[in-house]
């Protein structure tokens, strides 16, 4: 395997990622705005914000990677300020989408809680405030990148090997492991609460559960299913990059093959930012029906 094989793969895959990701993100915005029950759900705010961030990833990061791979158009090795800002922005944007999903899982947990204080968190106004706080925290946590990256040997890389190793572990924990762990905990607790609530309702009302309760429960289960599918996709797409990148750090300058594998895992990771819409529509009948209704409306 050599650099030419990766370049050929990148030539075809990156534009496809951008195209499908753009269409999916725009349709996500439309679908979550059309139906009032989805528009007024605080969890939908995180989904819409995730779609906007995915668009930023596609056109700020993926497009830049494609231009660099195909035309060697890389400003990060020419201007120090661009090296720092681009690297900083890249990893911040990569982190925002997974943590929006964490917020979505936490929102569903609060939504199903018996405590009024927790249910108050699952409101649109509160979700807007939490979203802003998380974005600020992510940019603050990644602030060390601005001070540790520099142009060395015509590459925008960390200034020393010790920070390089720290950065690899940071990506593994903060980007690849922590979001799926938090998502799994929140989703698991939410499913447990929903199961207990259903048992109590059946015990109290028997089979005559009010239709409004059925609709709300159906919507909650659909949102949980979307979150579960996206958690699985997130793990499959991001974890390989963190593991291969960690191995690459300890064999830096001694294994050119690992450097190519790192680039391939970046391609895999980019798939995570074009797949959200297709996970929703293919994974849940609620969004499939919304999509079909939208197509009929356009026609």
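Glycine too: its Cβ is placed from the backbone N, Cα and C atoms.
Residues annotated as domain 'G-protein coupled receptors family 1 profile' in TrEMBL: 24-280. Under the heading transmembrane segment, TrEMBL lists 12-33, 45-68, 88-109, 130-147, 167-195, 227-250, 256-280.
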Whether the transmembrane segment (167-195) meets the transmembrane segment (45-68): three or more C-beta pairs under 8 angstroms: no
Contact set, same chain, for the transmembrane segment (227-250): CB under 8 Å, 6 or more residues outside the stretch: 98, 101, 104-105, 108, 161, 164-165, 167-169, 171-172, 175-177, 179-180, 183-184, 187, 258-259, 261-262, 265-266, 268-269, 271-272, 275-276, 279, 283
Remote residues contacting the transmembrane segment (256-280) - C-beta distance under 8 A, at least 6 residues beyond either end: 1-3, 5-6, 9-10, 13-14, 17-18, 20-21, 23-25, 27-28, 31, 47, 50-51, 54, 57-58, 61-62, 65, 94, 97, 226, 229-230, 233-234, 237-238, 240-241, 244-245, 247-248, 287
Residues of the parent chain within Cβ reach of the transmembrane segment (45-68), under 8 Å, 6 or more residues beyond its termini: 10-11, 14-15, 17-18, 21-22, 24-26, 28-29, 32-33, 74, 86, 89-90, 93-94, 96-97, 100-101, 103-104, 107, 124, 127-128, 131, 226, 266, 270, 273-274, 276-277, 280
